[in-house]
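So that you can see what the record holds, here are the features copied from TrEMBL:
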TRANSMEM  109-128  transmembrane segment
DOMAIN    153-348  domain 'Peptidase M48'
TRANSMEM  236-261  transmembrane segment
TRANSMEM  352-375  transmembrane segment
TRANSMEM  419-441  transmembrane segment
TRANSMEM  453-475  transmembrane segment
TRANSMEM  487-506  transmembrane segment
TRANSMEM  560-580  transmembrane segment
TRANSMEM  616-634  transmembrane segment
TRANSMEM  654-679  transmembrane segment
TRANSMEM  686-705  transmembrane segment
TRANSMEM  737-762  transmembrane segment
TRANSMEM  783-803  transmembrane segment
Amino acid sequence: MPRSPAATVSGAKRRPAPAGIDERVLAAGTTLRFVLLLLLLAAAGATMVPRVVRHLLASPQLADKEAGCWLAAGIDTGGPLNASYVQFTRNAAAFKACTARYQQDFDGVSLAVGAGAVAVAVAVYWLLPVWRTRRSRVAPLDAMDVHGGLRPLLDDLVTVAGVTRPPRFVVDPAAPTVSAIAFGRRRGPTIRLDGGLVATCDTHREQFRAVVLHELAHLRAGDTPVTYATVALWRVFLVLVLLPWAAVGVDILLVAGTPGVRGQFAPFNTHELVLGCAIVLAVHLTRAGILRHREIYADLMAVRWGASRELWEAYARQPPWAGPRPLTGFAELWRSHPSWALRRASLTDPRALFALERLPLFLTGLAADVLVWHLGSLPDASVPVRAVLVAGLVVGVGGVALWRAVLYARLTGRPVPSGAPVGLWLGAGLVVGELAGPGAAYNHWLPPHPEALLILVAALVLVMAWTAQNAAWWLGSWRGRSLGPAMLLGLAAPALALASVLWWWYGDGQVLTDGWPYTTAGLLGSYGLPGLPPAHIGPLLEVVAVVGVLPGTDASVESFWWAGVLLWLVPLLALLAPALRPSSGPPKWLTGALSQTAGPSVQVGDAGNRPGLGRLLAAGLAGGLVCWAGLALARSRLHRPGPAAVGTTGPFQLTQLMGPVLVICCAMALTAAVVAAVTDTGRLPAGLVAAGCAALLGAGGNWLLMAADGCLGPLDTVAGGCGWHPWAAGRLLRIELAYTGSLGTLLAGAAAFVGGGAGVLGRRRSAARVRPRRSRRRVWERGVRVAAVVVVAAGIGTTVFAVQASGSAARPSRSPELMLDQSTPAPSAALVRLEGQAWAAVGGLDHLNAFMSAQRGYTAASKAVGNSTSEAGFATAMGRLSTRCATLDRVTRSARGYFTVPEPTGQRMWSDLLTRQREFAAACRELTKRPGAGTAEAATTARQNAVDATDAMIYWLAETGAIRQKPA
């Protein structure tokens with residue numbers, strides 16, 4: 001038998017499946033993949049259309065000036081993004097004013113073009129069935145049914161299929177093949193029969209029934225509306241959006257603008273074109289994969305309605321294309337129909353519909369990343385919605401596939417698949433999208449630190465592994481008629497947990513692809529507490545500073561910190577479900593999953609493969625006791641005998657706030673590692689349940705300690721006298737819960753992986769011994785516990801040491817005012833010239849000309865004052881001089897709001913010029929208030945200083961190539 005067109009993640013050997021597995025027992029997941037494609041096309045069109053419109057209609061001169069605002073601000077689009085952000089913060093107001101000055105608004109045109117494209121897509125969707133049934137190609141069924149026996153047969157098949165809206169049958173007499181196709185809208189479906197199929201209706205009746213029932217199965221499943229909506233949108237997007245956008249992109253990359261500007265933005269523009277190719281690849285391959293699955297579903301439905309298998313047997317016996325195996329597999333990926341061998345095999349074992357395929361998972365991650373990039377133009381307030389949308393689609397596609405694979409494994413007696421490879425393939429697609437597109441690299445060919453993207457891969461591995469193990473628990477606990485509610489609950493929790501990570505990534509984590517952008521002193525200073533940062537930053541404050549930018553920093557609801565708690569509660573409900581609703585016999589949903597009674601190998605209702613609830617609660621209690629001991633130790637170190645001033649300093653307050661957070665998170669990691677090490681199956685949910693119990697006990701214990709502070713003797717830290725402070729402790733409890741639900745859950749999940757791996761390794765070594773003994777097993781279990789503790793402690797210690805070392809090496813000599821590192825790399829000579837040219841072009845020369853004009857105006861007005869011969873003439877001249885002084889003051893204030901010069905030497909000269917101009921304006925005002933020889937001489941000196949500074953600035957611009965030539 002030829003290989004399946006898509007390889008699977010699982011490498012388990014194939015076994016015969018029990019008869020009667022219903023592929024409809026769980027949702028197929030193809031609708032979610034269709035939704036992802038539709039959203040991708042819509043979001044991409046919403047960003048591509050404005051770019052095309054702008055490129056075609058915008059004035060090149062104004063567009064160049066607007067692009068020059070970036071260079072004038074000192075933003076090196078080819079340098080580190082963090083340094084560019086620092087430059088942007090220094091010139092934010094000037095940058096906003098500059099871009100507003102040269103911005104060209106084409107929003108109305110873009111909306112009109114986008115609306116026109118949508119209208120064309122709707123028209124294509126409505127007219128495509130009309131085109132397929134045009135009179136020149138098809139004939140009515142009654143005209144071809146000369147004997148009158150075809151209509152009753154088709155009506156009978158429609159009745160068997162149970163289609164609510166009977167389709168219209170037409171015939172394509174010119175088609176010699178024995179095939180048919182279903183298409184059209186939901187309210188008006190059509191099935192077109194080929195002439196060869198109609199001609200052989202009497203001689204090959206079973207073949208005719210099988211073909212028609214297959215097409216009716218497509219209508220019954222609702223495949224045609226969403227399929228043709230995708231086709232219509234894709235064709236319109238390809239012709240009216242993607243091709244013009246690609247042409248504009250090539251023009252921007254190779255033709256438009258000056259060579260210097262093209263080279264400066266070449267990486268970004270190249271990444272955007274590659275991203276367009278990724279859209280084509282993702283849409284076409286994903287759509288083909290979905291249609292292949294829908295074909296197998298239709299085959300199974302047709303056979304269930306009584307279609308003979310002879311058709312599939314006959315086509316499967318035909319020799320396949322005799323090409324190289326890799327080339328054959330590659331060609332299969334682009335086809336919308338699976339091979340006949342796979343279709344025939346799926347009639348007896350629908351394994352292909354439950355398999356974990358690598359390519360669809362990879363394409364899902366790739367499409368989700370491209371979708372994120374095109375949603376980036378939305379306002380910052382939409383970040384929570386974007387996080388939930390992307391996480392829901394990614395976890396929905398991967399999670400449904402995992403639930404189906406776990407169910408199939410349980411029903412067939414195979415090992416339950418691990419969800420980690422699913423997370424790896426989803427993460428691989430996401431990472432490829434980030435590296436191929438401008439998301440992480442932006443205007444670099446590659447991001448400086450692509451290893452930071454492994455954070456997202458690790459998060460996907462965590463949630464997918466949890467999904468698989470949680471599914472196995474719920475399949476053994478759920479007793480309802482349908483698995484739908486259990487699967488929905490089992491997908492909502494990891495989707496929200498992933499949304500929490502994405503929310504943090506979009507806000508704080510994404511900058512890590514450009515390197516660590518913060519200074520320890522800056523992070524500590526951002527807390528706004530007195531005395532921070534201190535003169536000496538110890539190891540604990542190093543850790544606290546890093547924790548301040550990790551998940552859990554924001555305790556607001558929209559940060560989804562509470563989603564991590566669901567990863568504890570949902571498995572806990574799976575353990576409680578049998579006790580809450582005891583039932584004997586097989587679960588009710590099994591009747592719908594199998595047409596026959598489950599055999600001895602199908603033990604889906606057996607709870608023996610899940611850890612006992614009491615065991616996990618006991619482990620959580622032990623972890624809570626360890627946490628209490630750690631909290632007591634930490635408070636004893638912070639104890640002060642009296643109300644000294646140190647109790648109110650920033651380092652003390654911050655340590656008091658973050659110390660319990662670190663203790664609770666470490667206790668969670670330790671508990672999860674130990675539980676996972678001694679658990680046979682479901683290590684991750686088991687570890688998280690125990691860690692969650694330990695976290696709740698730890699947080700509750702710390703709340704009691706804070707509420708009773710002042711009455712605890714050696715454990716007092718803040719209060720000056722004994723009292724009960726529940727509300728003050730409650731405010732700190734919210735911060736602790738936010739870190740516990742987000743950062744603590746992630747650390748506990750990682751520790752569970754480490755502990756589970758240590759446990760598996762220990763079991764393998766124990767099983768390899770020739771004479772295993774019970775006593776040795778006890779020794780081994782204790783050894784595993786000790787090893788898990790050592791690993792977790794070593795990991796935490798290594799992290800602290802690395803953070804301390806890196807922070808000590810990167811700490812500046814003086815504390816910065818901002819969190820970000822203020823140091824910027826030296827730009828190249830070519831970039832300095834481009835930045836100087838842009839600085840002069842978008843407003844710098846205008847300000848210099850304004851200075852010179854104001855200076856000339858003052859000179860003329862002052863001469864008029866000196867030449868006046870009467871009091872009236874003197875008064876008039878002084879009035880004009882006062883006006884010139886106001887002009888000097890106005891142009892000086894305007895120039896102070898302009899960009900700083902990107903080059904340090906030029907900035908020193910510009911700063912000196914602004915100072916001279918300000919002194920000149922002040923001396924001018926003083927002259928108008930107190931006319932006299934002294935004030936006149938001071939004004940003349942200030943004027944000459946301002947003129948000299950202006951000339952020096954102009955000459956420097958000419959020397960550096962920012963302007964063409966020096967003035968004569």
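In case you wondered, yes, glycine gets a Cβ from its N, Cα and C as well.
Only residues 6 or more beyond the boundaries of the transmembrane segment (737-762), in the same chain, are considered here, and those with a CB under 8 A from a CB of the stretch are 458-459, 462, 465-466, 497, 500-501, 504, 547, 550-555, 559-565, 567-568, 661, 664-666, 668-679, 683-684, 686-688, 691-692, 695, 698-699, 780, 783-784, 787-788, 791-792, 795. Proximity of distant same-chain residues to the transmembrane segment (616-634), defined by a Cβ-Cβ separation under 8 Å and at least 6 residues beyond the stretch ends, is recorded for 575, 659-660, 663-664, 666-668, 670-671, 674-675, 686, 689-698, 701-702, 705, 715. When Cβ-Cβ distances below 8 Å are used as the criterion, the transmembrane segment (487-506) is approached by residues 26-27, 383-384, 386-388, 390-392, 394-396, 399-400, 403, 455-456, 459-460, 463-464, 466-467, 470-471, 474, 550-551, 553, 558-561, 563-564, 566-567, 569-570, 573, 742, 745-746 of the same chain, each at least six residues removed from its ends. On the 0 to 100 pLDDT scale, the domain 'Peptidase M48' (153-348) averages 86 in this prediction. Counted over residue pairs separated by six or more positions, the transmembrane segment (352-375) shares fewer than 3 Cβ pairs under 8 angstroms with the transmembrane segment (109-128), which leaves the two as not touching.
Same-chain residues lying 6 or more positions outside the transmembrane segment (560-580) and placing a CB less than 8 Å from one of its CB atoms are 384, 387-388, 466, 470, 473-474, 476-479, 489-490, 492-494, 496-497, 499-500, 503, 551-552, 554, 607, 610, 613, 616, 682, 685-686, 688-689, 691-693, 737-742, 744-746, 749. For the transmembrane segment (109-128), same-chain residues at least 6 beyond its ends with a Cβ under 8 Å from one of its own Cβ atoms are 45-46, 49-50, 52-54, 57, 183, 185, 228-229, 231-233, 235-237, 240-241.
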